[in-house]
Amino acid sequence: MTARLVDGIAVAAKIRTELKERTGRLATAGCVPGLAVIMVGNDPASAVYVRNKIRACHEVGIHSSRFDFPSDADPAEVLACIRSLNADPTVHGILVQLPLPKHFSVPDILEAISAEKDVDGFHLYNVGGLVVGSTVFPPCTPYGVVKLLEHEGVEIEGKNVVVVGASNIVGKPMALMLMQREATVCICHAKTRDLAQFTILADILVVAAGKPNLIVPQMVKTGAVVIDVGINRLPDGRLVGDVDFAGVSQKASLITPVPGGVGPMTITMLLANTIASAERRMSLAEPERS
Ligand SMILES: Nc1nc2c(c(=O)[nH]1)N[C@@H](CN(C=O)c1ccc(C(=O)N[C@@H](CCC(=O)O)C(=O)O)cc1)CN2
Ligand SMILES: [Mg+2]
């Protein structure tokens, strides 16, 4: 079997066209959606992601503002910036780019963001919403994975899903979102013994562990859908996921590449959450399932 490739760039482009139509309708109603992006320090990968977020906002008609702090910034200054953005009616979304420098308490920063503007979906209120199936802002990467599965016509209900990786940003919310869609979900993590005994059962395998070549063909069921969320920079400069792409492509029915699979969806779903926030404020919202 040779897997069909999921083109995340094409799916993201299609969604962005729809998002542009929605910002057009908002503009007619007198509202320009606004996203505030806070970056602390100078992590090179974060700098690229933040630049890409700002550019993507511009392309779909979202007004963006950027707030940069040095890596030795006092967390109190960042908290003050968040509080002022919470009170600014032209701002519909606020995000703090992660990771933060070590002297920051990530929970303190994330909880300071108004849950109504938490377009990353990391605030406890929104995480709680995921647990009970009434999320306001689904976290962008798992939201992007669900959109890719929907776009490819992959049925989720009743399927065995194995999520490898239990991070707050990807693994845990991913599992909750797929559980909400009535999949049978198993979460594996760094301490899981004999990972293969779980992954081999997966109809849908989502891998977000941050380890190149963690998933090899013997660990994958023939015909499985394999979603690779890993982003690893190799010493030779190449970007790869967590899945042995060449090998697993021979066994899976559908597979996402890295780059060009899930990655482009992350920023697209951030745009979607920001526009949804503005629509909610303007009462133009269409309900969307988490
Ligand atoms: N506040 C947040 N911080 C972080 C998030 C997040 O959603 N919110 N996620 C990641 C980083 N991230 C966005 O912030 C992100 C990661 C990857 C991509 C992407 O487009 N990847 C491309 C490859 C890009 C490259 O060449 O490096 C791909 O996989 O095709 C976009 C956004 C952690 N921090
Ligand atoms: Mg808050």
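Even glycines carry a Cβ here, placed using N, Cα and C.
Owing to the predicted nature of the structure, the values given are computational and were not obtained by experimental measurement.
Here TrEMBL flags G165, A166, S167, I231 as NADP(+) binding site. The domain 'Tetrahydrofolate dehydrogenase/cyclohydrolase catalytic' annotation in TrEMBL covers 7-120. Taken from TrEMBL, the feature domain 'Tetrahydrofolate dehydrogenase/cyclohydrolase NAD(P)-binding' covers 139-281.
Sorting the domain 'Tetrahydrofolate dehydrogenase/cyclohydrolase catalytic' (7-120) by DSSP state (H, G, I as helix; E, B as strand; all else coil) yields 60 helix, 18 strand, 36 coil. A simple way to gauge crowding: the CB of A166 (NADP(+) binding site) has 18 other CB atoms within 10 angstroms, across all the protein chains here.
In the predicted model, the domain 'Tetrahydrofolate dehydrogenase/cyclohydrolase NAD(P)-binding' (139-281) shows an average pLDDT of 97. Within the same chain, the residues at least 6 positions away from I231 (NADP(+) binding site) whose Cβ sits under 8 Å from its Cβ are G210, L239, G241, V258, P259, G263, listed in sequence order.
Across the domain 'Tetrahydrofolate dehydrogenase/cyclohydrolase NAD(P)-binding' (139-281), DSSP classifies residues as 53 helix, 26 strand, 64 coil.
For G165 (NADP(+) binding site), other Cβ atoms within 10 Å of its Cβ number 24.
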